[in-house]
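For 44-64, 76-106, 137-159, 166-184, 204-223, 254-274, the entry in TrEMBL reads transmembrane segment.
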Amino acid sequence: MPSCSPSSFSCFSCGPTASSACARRRRGCDAMRGSIVADFLKRHFTLIVLLGGALLVCLAVQAIGDKPLIRTVTEILIRIVIVVALYIFIGNSGVVSFGSIAFVMIGAYASAWQTCCKAMKPMSMTGLPDFLRYNTYPVFAAALTSSLLAAMVALIVGLPILRLSGIPASIATLAFLSIVYVVYSNWTTVTLGLLSVVGLPLYVTIWVAFGWAAATILAAYLFQNSRFGLSLRASREDEVAARAGGVNVAFQRLLAWVLSAFFLGAAGVLYGHFVGVISVNMFYFDMTFISIAMLVVGGMRSLSGAVVGTVVLSAVTDILRRVEAGIDIGGLSISIPPGSQEVALGLIMLVLLLMRANGLMGAREFSWPRRRIEAAPASRVGSD
């Protein structure tokens, strides 16, 4: 293999023969560099498309400057964090978790305790420890600690739950969500119960949301291609064979569960500091079912599908919401009856799943386009 250091190209004092050799060496090094770049693009094409596409959309929306559109895209990015975090566990393990949205609730409230309403907390949240009750902290630091809290809770509850498989595991996660909801609904001295917590700083911009979405996609991509992710996928395909091959299924599931919970906790922080108000009802069955629906519609076994499903259903939801509120087209006001948004969304999801039972992407990822290799002519093969 030729040396490609700059000193190897110092051929100005060489004769014609040496200069020709240097030129060949330079061309060889250029070809090698090009091969390395091409190989990198092929191997990580999925990640490049997802992150590059999201970045281009954010730049375009920011350039347009339409505030409602910026808000819509920011909300979609937050949903991408939620759905991709769900994918980290559900997509790789094959265990459908109905309770993971509990970590969004945990993250949102933990951030509220640290950042909101310094004047109100001493009177309304009397159950908080003094370092939270009488102080506020920077939002970014609160985001990290809130995400870590969600991950710690996931570690504790995951130890018993993730020894189960299939439907029992899914029901156990649903029971966990119900427990968290009931506790937060009645813990009035800390969460205000069913009342809303207001006064959260509006910290989340389109770029903050993009940063967390990019971090979540990167973490999901690295995990699914790591030996831990590959082992977990093996257990998804055949748990008995994976165990026989030496895979510690419970540990691999726990690892994905905790990583998923970390980013779900971060999504709760983003959601709270995007709308400025939170309540326990925001993080219950409605968010659970729409988030899982986005994952299923896109393709449960595909990172690309998680992002595509989120974008498609979010766009459809936003369009239906605008039509339900009423839109003007050429001076004509068009609206649909209240409740039509949910009905239309359900019908659209039903049609999509009937047409593509495994989701829009199935188990596929965005991949480098391959050239079609033509078969050698039979006569040439015979002559060889």
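Including glycine, each Cβ sits where the backbone N, Cα and C put it.
Any TrEMBL annotation is an automated prediction that lacks curation.
Scored by C-beta pairs under 8 angstroms, the transmembrane segment (254-274) has its highest count with 76-106, from the stretches 44-64, 76-106, 137-159, 166-184, 204-223. In this chain, the transmembrane segment (137-159) lies out of contact with the transmembrane segment (204-223); the count of Cβ pairs under 8 Å, excluding pairs fewer than 6 apart in sequence, is fewer than 3. Between the transmembrane segment (166-184) and the transmembrane segment (76-106), the number of CB pairs under 8 angstroms, six or more residues apart, is three or more, so the stretches are in contact. Residues 70, 73, 77, 80, 206-207, 210, 213-214, 217-218, 221, 303-304, 307, 365-368 of the same chain lie 6+ residues outside the transmembrane segment (44-64) yet bring a C-beta within less than 8 angstroms of a C-beta in it.
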